[in-house]
Amino acid sequence: MGASSILPDLGTEILIPVCAVIGIAFSLVQWILVSRVKLSPGRDSGAPGNNGAAGKNGYADYLIEEEEGLNDHNVVVKCAEIQNAISEGATSFLFTEYQYVGIFMVAFAILIFLFLGSVEGFSMKSQPCTYDLSRMCKPALATAAFSTLSFLLGAVTSVVSGFLGMKIATYANARTTLEARKGVGKAFITAFRSGAVMGFLLAANGLLVLYIAINVFKLYYGDDWGGLFEAITGYGLGGSSMALFGRVGGGIYTKAADVGADLVGKVERNIPEDDPRNPAVIADNVGDNVGDIAGMGSDLFGSYAESSCAALVVASISSFGMNHELTPMLYPLIISSVGIIVCLITTLFATDFFEIKAVDEIEPSLKRQLIISTVLMTIGIGLVSWIALPPSFTIFNFGDQKLVKNWQLFLCVAVGLWAGLIIGFVTEYYTSNAYSPVQDVADSCRTGAATNVIFGLALGYKSCIIPIFAIAISIFVSFSFAAMYGIAVAALGMLSTIATGLAIDAYGPISDNAGGIAEMAGMSHRIRERTDALDAAGNTTAAIGKGFAIGSAALVSLALFGAFVSRAAISTVDVLTPKVFIGLLVGAMLPYWFSAMTMKSVGSAALKMVEEVRRQFNTIPGLMEGTSKPDYATCVKISTDASIKEMIPPGALVMLTPLIVGIFFGVETLSGVLAGSLVSGVQIAISASNTGGAWDNAKKYIEAGASDHARALGPKGSDPHKAAVIGDTIGDPLKDTSGPSLNILIKLMAVE
């Protein structure tokens with residue numbers, strides 16, 4: 001077998017928790033920096049002569065634009081009020097959602113316990129090991145109990161990370177707006193920092209909880225590593241099942257509000273996007289946080305937990321697990337902890353090394369984040385593979401052990417990492433209004449909404465090509481080097497820079513909210529332009545984040561599929577047998593069924609919202625003139641109720657299908673269903689999220705009027721602009737509800 005790894009086991013036991021703690025500490029520092037932007041109008045609202053706190057980030061910058069009355073107390077007070085409303089709306093929604101989800105969690109946990117425990121009729125006897133029949137392992141009942149425990153642990157971690165992210169985002173949105181008075185750079189830093197808080201908290205929490213769980217379970221399992229890591233798998237399932245509800249519920253919520261607000265406000269009443277007279281406007285801004293931040297957080301956390309679990313399960317039945325080598329066994333966790341440190345350095349590049357002076361530096365700066373983190377991470381993985389892995393070892397591959405060298409494993413992780421970068425860049429090319437695809441879509445608005453829709457759909461379908469090749473190549477490379485373990489670590493490689501990815505992603509909704517707050521607080525046109533620029537960049541980064549989520553979901557589910565196949569002791573899945581083929585057909589249909597459910601839910605919730613908004617415009621006297629206030633709370637309530645009611649059927653579809661198919665049609669059909677849903681789900685997810693992002697940015701492109709071409713398409717309210725708004729409204733449920741929820745469908749079905 002050759003020598004063991006260079007890094008001693010004690011080193012691993014120190015390295016992982018230390019990195020996690022550093023990540024948490026870093027996010028707290030960022031949070032303190034964000035909170036130094038004051039939301040209460042004191043006497044020191046940047047007036048001259050107050051240079052107490054002027055540091056590099058100049059909190060007391062002398063506001064040159066005094067004559068615009070920017071030191072108005074009421075602007076600051078108004079911002080604080082709006083922020084409160086958004087924060088309360090989001091919190092109340094999440095609590096309602098978590099009540100329902102909590103009931104579901106408990107029920108599902110009991111199910112898991114019964115299913116796993118009933119394998120040997122709830123016996124407390126020790127079992128012969130699955131892979132090594134000569135030794136005795138812990139009883140099935142113990143594994144059932146521990147799996148249930150880790151499921152609950154994963155679920156709670158997922159929920160907490162989503163909730164914290166949401167809290168931070170609603171805390172930072174008004175602060176970003178106020179900073180925008182001083183310039184784009186300041187606002188960008190505030191929004192980005194608060195995104196970083198979420199990214200680091202989530203990455204570090206996920207790592208820490210998983211590490212602690214492994215160590216606690218070890219006290220019971222002792223030497224039986226196969227059983228130990230099988231019980232840990234529940235962690236990933238818990239993370240993802242919560243993410244499903246967060247994503248679907250949040251997605252329906254945000255889009256019902258958005259579509260409702262847009263249709264009545266922009267199209268019928270001709271008032272601007274985030275006009276305070278529009279009753280649905282608070283619900284819309286709450287939705288951005290609930291869907292894009294709480295949902296996205298849980299989603300990426302789920303992918304992350306699952307790829308770690310898949311890698312650990314395969315490793316536990318390979319030479320690492322059989323010879324009880326702790327360091328190489330925890331290789332997946334070491335990669336993640338190095339990732340946290342790398343992302344920390346990368347974040348400093350955005351906030352401290354380079355200052356952003358002008359609007360057109362925003363997107364390049366965010367792109368630089370991706371490149372820097374990927375390059376540094378490649379070096380990091382190289383080091384880790386050299387230190388933490390023995391020079392050669394064997395990996396379990398469908399019944400036999402396959403010899404692997406450490407540089408081959410390095411290539412597996414690196415290929416996943418770079419595939420992630422490629423997917424990010426392709427997504428950016430197709431959804432950013434700086435490039436021709438979106439400009440073509442905007443151009444097609446001249447002839448009305450129909451051509452806009454045709455061009456947008458074509459763009460989405462076309463944008464699948466390169467990402468699919470990237471995923472395909474990384475699957476081929478990693479599988480031929482290290483079998484299923486290779487694919488699991490490739491997924492981990494893609495997610496190793498999760499902290500940066502999430503920071504970029506959470507930045508989107510925060511700047512979106514900041515724009516909304518600026519509009520509602522009645523700030524000057526100049527500030528609104530700045531927040532719009534931040535927001536357009538945010539749309540693209542959100543699409544990039546979704547690209548990452550979809551790509552990693554595809555790899556993760558393949559790895560889990562592999563784990564399922566090797567556990568169920570099937571060495572080949574024969575496509576030609578009718579059982580498997582019908583499984584493939586049905587599986588490929590499932591994402592369509594699921595999308596149909598979520599789209600329809602958005603449609604019906606939006607319908608209720610439109611009716612309510614119209615009712616308010618027609619019955620509240622003086623609403624259009626701005627003399628009386630709309631009733632925001634009712635709209636928030638409509639969105640909340642609709643999304644919670646509509647979240648159950650799609651969730652049930654995903655959860656029950658594998659169980660029903662497995663019980664009635666057997667393992668082979670189930671493997672067909674899993675493969676089919678994976679194959680078609682990835683395509684729909686990529687095309688849906690890119691189409692939606694492109695329509696949104698085509699609309700922004702026309703509104704901003706930055707080039708002659710955009711100005712020719714007319715100001716807000718022109719016919720091309722109206723066509724663009726229609727496209728954007730259709731794209732909303734695509735990019736924020738069905739697209740993102742599909743990757744969870746892909747993963748969850750595989751986990752079960």
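Just so it is clear, glycine is given a Cβ too, placed from its N, Cα and C backbone atoms.
Annotated transmembrane segment per TrEMBL: 14-34, 100-119, 139-166, 187-214, 329-350, 370-388, 408-431, 452-477, 483-504, 548-570, 576-594, in sequence order.
Residues 411-412, 415-416, 418-419, 422-423, 426-427, 430, 437-438, 440-441, 444-445, 486-487, 490, 547, 550-551, 554-555, 558, 682-683, 686-688, 690-692, 694-695, 698, 723-724, 726-727, 730-731, 734 of the same chain, all 6+ positions outside the transmembrane segment (452-477), place their C-beta atoms under 8 angstroms from a C-beta of that stretch. Cβ atoms under 8 Å from those of the transmembrane segment (139-166) belong to residues 90-91, 94, 98, 101, 105, 108-110, 112-113, 115-117, 119-120, 122-127, 198, 201-202, 205-206, 209, 213, 217, 220, 227, 230-243, 246, 289-290, 293-298, 301-302, 305, 506 of the same chain, restricted to positions at least 6 beyond its ends. Distant neighbours of the transmembrane segment (187-214): 16-17, 19-24, 26-28, 30-31, 33-34, 37, 57, 150, 153, 157, 160-161, 164-165, 168-169, 171-172, 175-177, 179-180, 228-229, 232, 235, 239, 293, 297, 300-301, 304-305, 308, 312, 330, 333, 336-337, 339-340, 343-344, 347, 350-351, 356, 362, 365, 498-507, 510-511, 514, 530-531, 534, 538; these residues of the same chain sit at least 6 beyond its ends, with a Cβ under 8 Å from one of its Cβ atoms. Listed by sequence, the residues of this chain that lie at least six past the ends of the transmembrane segment (329-350) yet keep a Cβ under 8 A from its Cβ atoms are 12, 15-16, 18-20, 22-23, 26, 30, 189, 192, 196, 199-200, 203-204, 206-207, 210-211, 214, 225, 304, 307-308, 311-312, 315-316, 320-321, 365-366, 368-369, 372-373, 376-377, 380-381, 383-384, 388-389, 409, 413, 488-489, 492-493, 495-500, 503.
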